[in-house]
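S.K.: Please find one structure pasted underneath; my questions will follow.
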């Protein structure tokens, strides 16, 4: 996701007048730009499928009992959802504009600070160029924060141990997380 996003960012412009045209340019004029865009968009959907399966497994096996690991996982879920929402706004079509307007306006229901918070997020009194620029910046930065949170999530997971189908806790014959599993987690092995 990060790699395809970097390739897309090379051709995307976060301006309300040219954002939609830049997405069209990526799909039509950039070599295999259409493929990179669809890998990025559909990759996000596949990521969410895996994420929801992971959450379902955690609920089924009672992983919420490990409070720190679970809470970091919830933060991770919200960060991924925020990243996906901001990416949804970036093409700046009608669905993107009205999606940004409706979803950000939900925050106005917060008593006392809601309206001020919404205007602060928008960067003005309506969804406009400042909003799109901010969403692009956050869509770019949040995946790195998600990666760091995933590392913290794994660290807590290795500290507490994970739940398994048998429900047995095996504390015998354990080896330290670092350096043995750090390398495996970094390399994805």
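Here the Cβ of each residue, glycine as well, is placed from N, Cα and C on the backbone.
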S.K.: Which one of these stretches, 3-24, 135-156, shows up in TrEMBL as transmembrane segment?
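M.R.: Range annotated as transmembrane segment by TrEMBL: 135-156.
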S.K.: Across the domain 'Cytochrome b/b6 C-terminal region profile' (167-189), what does the pLDDT come to on average, as a whole number?
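M.R.: Mean per-residue confidence for the domain 'Cytochrome b/b6 C-terminal region profile' (167-189): 71 out of 100.
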S.K.: Residue list, the transmembrane segment (72-91) vs rest of chain: Cβ under 8 Å, 6 or more residues beyond ends.
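M.R.: Beyond its ends, the transmembrane segment (72-91) has Cβ neighbours at 12, 14, 19-20, 23, 44, 47-48, 51, 55, 58, 97, 99-100, 103, 131-132, 135-136, 138-139, 142-143, 145-146, 149-150, 152-153, 156.
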